[in-house]
Amino acid sequence: MEISTLAVYHCLAFVWYFFISYSITNIRTEERPSEVFFYGGQWKYLTVLNLVLQAVFYGVSFLADVLRLIKKLRCAKCAVSSRDLLFSVLAFPVSTVSNLYLDYFVTEQKKCSGLTANLLRRTSGQSKDPICKGKKRKKCCKFVSISFWTLYSYNRELVYPKSLDGVIPLWLNHAMHTAILPFAVLEILALPHRYPAKKKGLILLGFVSFLYISWVLWIYSVTGEWVYPLFALFSPAGLAAFFAISLAIIISFYNFGEFLNRIIWGDSIVILDYRQKGK
């Protein structure tokens, strides 16, 4: 793909993610479920963090394209390296996991202890009653390890109740949970990315994962509430096992991205000679 075409694509993608990030983080205060945005606000949810990550990645990609177009190749080399590192270690694996696993707000539900019990009965077929029917209580929940859209198709009230349609439009829901993966795949098809050495890449990915897990645990230590209340069902050992399995999954997506990049592009890399004239 020509650099000018890449620049247009990356610019449009950056504007798109910036707009989506702005939209979700600037829902009018009077429309916000009050208890959804307790300590840490929206910055504890993987979906929101991923939107910001994608905006940063496409912004850096657009900058790299512009620098190459204007022949500032010394600066472009640094921008391309940053772009490839962001994509390989974070943008692709996180966007894939964020797209496949449930990560959103469930509002106007009953107290979470009742929610988790009813959820278990519901998924095991022991109850045909709507989950958490009764007094309204706004709560944020995440049912991990289950596909967002699979549960949405089965019973949207489990993951994204109809009451949220008046707060978060359907198009915004799709922008956060559906469009992420196609953008990531298109990026791999559009141009090759240089992956770091395996050890370096996995260390960086593990470090970022550790930071997020620490953030989740810190919020619990301060508020006594889990960011994702289903965590309350786990024993300490079970929670540690869950985090370990989650890390293994995201590492597998890192390896999958590297595999796709190699299958499509072979050992192709963007080579920039910043010593040539016109830098």
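Glycine is treated like the rest: Cβ placed from N, Cα and C.
Please treat TrEMBL annotations as automatic predictions, because they have not gone through curation.
As annotated by TrEMBL, transmembrane segment applies to 7-25 (among others).
Packing against the transmembrane segment (45-64) from elsewhere in the chain are residues 6-7, 10-11, 13-14, 17-18, 20-21, 24-25, 76, 79-80, 82-83, 86-87, 90-91, 94-95, 97-98, 103-105, 140, 142, 176-177, 180, 183, 212, 227: each is 6 or more residues past its ends and has a CB under 8 Å from a CB in it. According to TrEMBL, the feature transmembrane segment maps to 45-64 (among others).
Sequence annotations record features per position, and here TrEMBL assigns transmembrane segment to 85-102 (among others).
Annotation source TrEMBL lists transmembrane segment at 170-190 (among others).
As annotated by TrEMBL, transmembrane segment applies to 202-220 (among others). Distant neighbours of the transmembrane segment (202-220): 39-40, 44, 46, 49, 85, 89-90, 93, 196, 226-228, 231, 243, 246-247, 250-251, 254; these residues of the same chain sit at least 6 beyond its ends, with a Cβ under 8 Å from one of its Cβ atoms.
Marked as transmembrane segment by TrEMBL: 226-254 (among others).
Within its own chain, the transmembrane segment (7-25) has Cβ neighbours under 8 Å at 1, 42, 48, 51-52, 54-55, 58-59, 61-62, 65-66, 69, 168, 172, 175-176, 183, 190, counting only residues six or more beyond its boundaries.
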